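Asker: Right, I'll just put the structure down here and ask away after.
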Amino acid sequence: YLVNPAAYAALGAYMFLLILIGFPINFLTLYVTLEHKKLRTPLNYILLNLAVGNLFMVLGGFTTTMYTSMHGYFVLGRLGCNLEGFFATLGGEIALWSLVVLAIERWIVVCKPISKFRFTEDHAIMGLAFSWVMGLACAVPPLVGWSRYIPEGMKCSCGVDYYTRAEGFNNESFVIYMFIVHFLIPLSVIFFCYGRLLCAVKEAAAAQQESETTQRAEKEVSRMVVIMVIGFLVCWLPYASVAWWIFCNQGSDFGPIFMTLPSFFAKRPAIYNPMIYICMNKQFRHCMI
């Protein structure tokens, strides 16, 4: 054991709780949306994709981590490490890029930067495909030699190798690529879209350009997506910050808990995203009941 055995027991219990809540609530989101035709809107397609990404994290990542925490180290070998790292990374990236597509959808619908443009089912499907392409573009390279997945923190889960400059893996270039393309760029797009969106909502309210009912509906949807983005940032920024610090200070002495805490804090979006969706979407709640 790298740390007190009680820490592994606590980690296993935490992962069990995430699975116990995360699987049913994401599966319920998928089932209810597919079961009720009126929920099959372009916006909800993207939210469905978010649930699929969360299920990848729950089934491919959380279950593995719970099992290995019971043994005190990663017992599943190189193949298991690659699979766990791949599914956890893919799920997280699909969720992030789904939030990017949601932000763009909100910007187009509310701000109307393109006159007479309507966000349709085809556009939503293109957004879904884009999120998967970007997710795979981040999760696949470590499987084929550009960086690698290694056990991290308390050695019960696997992630991208921020820690070493292992010869032949080009870890430095991949980490820089990942931080720029798969973190800074999507966050910049999200902040731009919501900055414009908030301005447009205030201007519309002041000018009374749309009916009160339409304004209220757009505000509710926008509020739901903004809360999802804030929640995502609260969970992922600590992990990204610690990972970048480790990358920039390789060779520094830090304990296994230092990376473990932000890593497992970052797994909570798999639970709260569908909870936000259910709590703030009246139509979905009615269909669920």
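Glycine is no exception: its Cβ is also placed from the backbone N, Cα and C atoms.
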Asker: Of Cys138, Cys156, Cys158, which cysteine does Swiss-Prot list as the disulfide partner of Cys81?
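Answerer: Swiss-Prot says the disulfide from Cys81 goes to Cys158.
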Asker: So that I know how the record lays things out, could you check whether Asn4 and Glu172 fall in the same topological domain in Swiss-Prot, i.e. on the same side of the membrane?
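Answerer: Judging by the topology that Swiss-Prot records, the two residues are on the same membrane side.
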Asker: Hey, which of 8-32, 82-104, 224-245 has the most Cβ-Cβ pairs under 8 Å against the transmembrane segment (45-67)?
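Answerer: If we count Cβ pairs closer than 8 Å to the transmembrane segment (45-67), 82-104 scores highest.
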Asker: Same-chain Cβ contacts of the topological domain 'Cytoplasmic' (280-289) under 8 Å, 6 or more residues past its ends?
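Answerer: That would be 28, 32-33, 35-36, 38-39, 220, 223-224, 227.
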Asker: Radius 10 Å, atoms counted are CB only; among the disulfide-bonded residues Cys81, Cys158, which position scores highest?
Answerer: Cys158
Asker: Which whole number is the mean pLDDT over the topological domain 'Extracellular' (1-7)?
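Answerer: The predicted confidence over the topological domain 'Extracellular' (1-7), as a mean pLDDT, is 78.
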Asker: Taking the transmembrane segment (224-245) as the reference, which of 8-32, 82-104, 124-144 gives the largest number of Cβ pairs under 8 angstroms?
Answerer: 82-104
